[in-house]
Amino acid sequence: MAGYVVVGTQWGDEGKGKIIDVLSEKADYVVRFQGGNNAGHTVVVNGEKFILQLLPSGVLQAGTCVIGPGVVVDPKVFLDEIDRIEKRGAKTDHVIISDRAHVIMPYHIEMDKIRESVEDRIKIGTTKKGIGPCYADKIARDGIRMSDLLDLKQFEEKLRANLKEKNEIFTKIYGLEPLDFDKIFEEYKGYIEKIKHRIVDTIPIVNKALDENKLVLFEGAQAMMLDINYGTYPYVTSSSPTLGGVTTGAGVSPRKINKGIGVMKAYTTRVGEGPFVTEIKGEFGDKIKGIGGEYGAVTGRPRRCGWLDLVVGRYATEINGLTDIVITKIDVLSGLGKLKICTAYEIDGKVYDYVPADTKSLDKAIPIYEELDGWDEDITQIKKYEDLPVNCRKYLERVQEILACPISVVSVGPDRSQNIHIREI
């Protein structure tokens, strides 16, 4: 069997979509195992840019694309995305949805907006797309699953009960107008007609493929440092975008996972609130942002930029049991002069070579850097590792040494062809 997992090692936006698109050329199945439409994945094919939110990044390839049990699905977003890529010539008949996946409802989106607007609450920086409230209902056992949509009577009963409870909150606590049951029910009946043929039990399908030694690529959204358990809590997402999240989010045994592929940007970025030890503020940080085009694929929000944090990198490598590292956007570092990588933190006079749990401690952390010589050459057309500038290779080799994990691919540009394959994944 061949189960490959691709995870982000930082705070997202590492370029997972591009790498998954490349790897999915030989994959029989590509499986999303967590998250929802709260993150954008950019895939560039022959200079043409595709921005995906909910669909697996491998949708542009021939392999079956699975939206797994651990994903939360907004049917409207799903159908809009299907329609958008079909209009550009892509086929989507190979996309299926787990009958165990939970459904994002209008009251989830409304609740998300309310929670982020309350003055006394910590501002997490949510995308306000209902992801967190949908996962909250899932854990509270109030959620509506895709399987419920296949039984209209059951869906009606669950929606009516949920909406009664949510409207109590909207009207009596927040003084808002109640949501209309009939409007929502009719809207979702329309969605059901368009997606019901895609709703299946994906667990036996994925496991059968693994048992038949087919290549199954598991795709995480967000990244390690946004994990609900291991990220910079509470500035995290509501699911587990780690290798361990595959077992619960896709329904496969950890024994069926052969490779853990960590995607790491050559510097570090973060969107929204939360601690960021290596953040570069001011003109130089803005320069990296401009060169790297560091703006959200979906929201357009500017990303905070900083030096490569290998305390975070080691943490991600260890927890995910990574077998391969993919370095992206190293071309952005060309011409920046001296480069820095963070190898430890100093907090209240104590040196940490790991990520502490306490967010307030991270806010006080001082990065301990190693400084390396940079390079000025344009590397975007280089195809062989040995053709990279000497200082670029030294940078990569030092990263590999600190992580104690081999770098297998180096991305030198946004197009799927702009990759240097050091060793086969």
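Every residue, even glycine, has its Cβ placed from backbone N, Cα and C.
Annotated active site, proton acceptor per Swiss-Prot: Asp13, in sequence order. DSSP assigns Asp13 (active site, proton acceptor) to coil in the three-state reduction, placing it in neither a helix nor a strand.
Per Swiss-Prot, the feature active site, proton donor maps to His41; the stated evidence is sequence analysis. Secondary structure at His41 (active site, proton donor), taken from DSSP and collapsed to helix, strand or coil, is strand.
Positions annotated as GTP binding site by Swiss-Prot, on the basis of sequence analysis: 12-18, 40-42, Arg303, 329-331, 411-413.
What Swiss-Prot lists as IMP binding site is Asp13, Glu14, Gly15, Lys16, Asn38, Ala39, Gly40, His41, Thr127, Arg141, Gln222, Thr237, Arg301, and the listing cites sequence analysis. The secondary structure of Thr127 (IMP binding site), as reduced to three states from DSSP, is coil rather than helix or strand.
Taken from Swiss-Prot, the feature Mg(2+) binding site covers Asp13, Gly40. Note on Asp13 (active site, proton acceptor): other Cβ atoms within 10 Å of its Cβ, all shown chains, come to 28.
Residues annotated as substrate binding site in Swiss-Prot, with sequence analysis given as evidence: Ala297, Val298, Thr299, Gly300, Arg301, Pro302, Arg303. Thr299 (substrate binding site) falls within neither a helix nor a strand when secondary structure is assigned with DSSP, and so counts as coil. Non-local contacts of Thr299 (substrate binding site) by the CB criterion (under 8 A, 6+ apart in sequence, same chain) comprise Gly40, Thr127, Val271.
Ile330 (GTP binding site) falls within a helical segment according to DSSP. When the binding-site residues Asn38, Gln222, Gly300, Arg301, Arg303 are compared by Cα distance to Gly15 (GTP binding site), the shortest distance belongs to Gln222.
Considering only the recorded positions His41, Thr42, Val412, the residues lying within 10 A of Asp13 (active site, proton acceptor) on a C-alpha to C-alpha basis are His41, Thr42. Ranked by how many other Cβ atoms sit within 10 Å of their Cβ, the binding-site residues Asn38, Thr42, Thr127, Gln222 place Thr42 at the bottom. Between the listed recorded positions, namely His41, Arg301, Arg303, the fewest other CB atoms within 10 angstroms of a CB are found at Arg301.
Within 10 Å of the Cα of His41 (active site, proton donor), the following binding-site residues from the list Lys18, Arg301, Pro302, Arg303, Ile330, Val412 place their own Cα: Lys18. Taking the Cβ of Lys18 (GTP binding site) as reference, residues of its chain lying under 8 Å away and at least six apart in sequence are, in sequence order, Thr42, Val43, Val44, Ser57, Thr328, Ser411, Pro414, Arg416.
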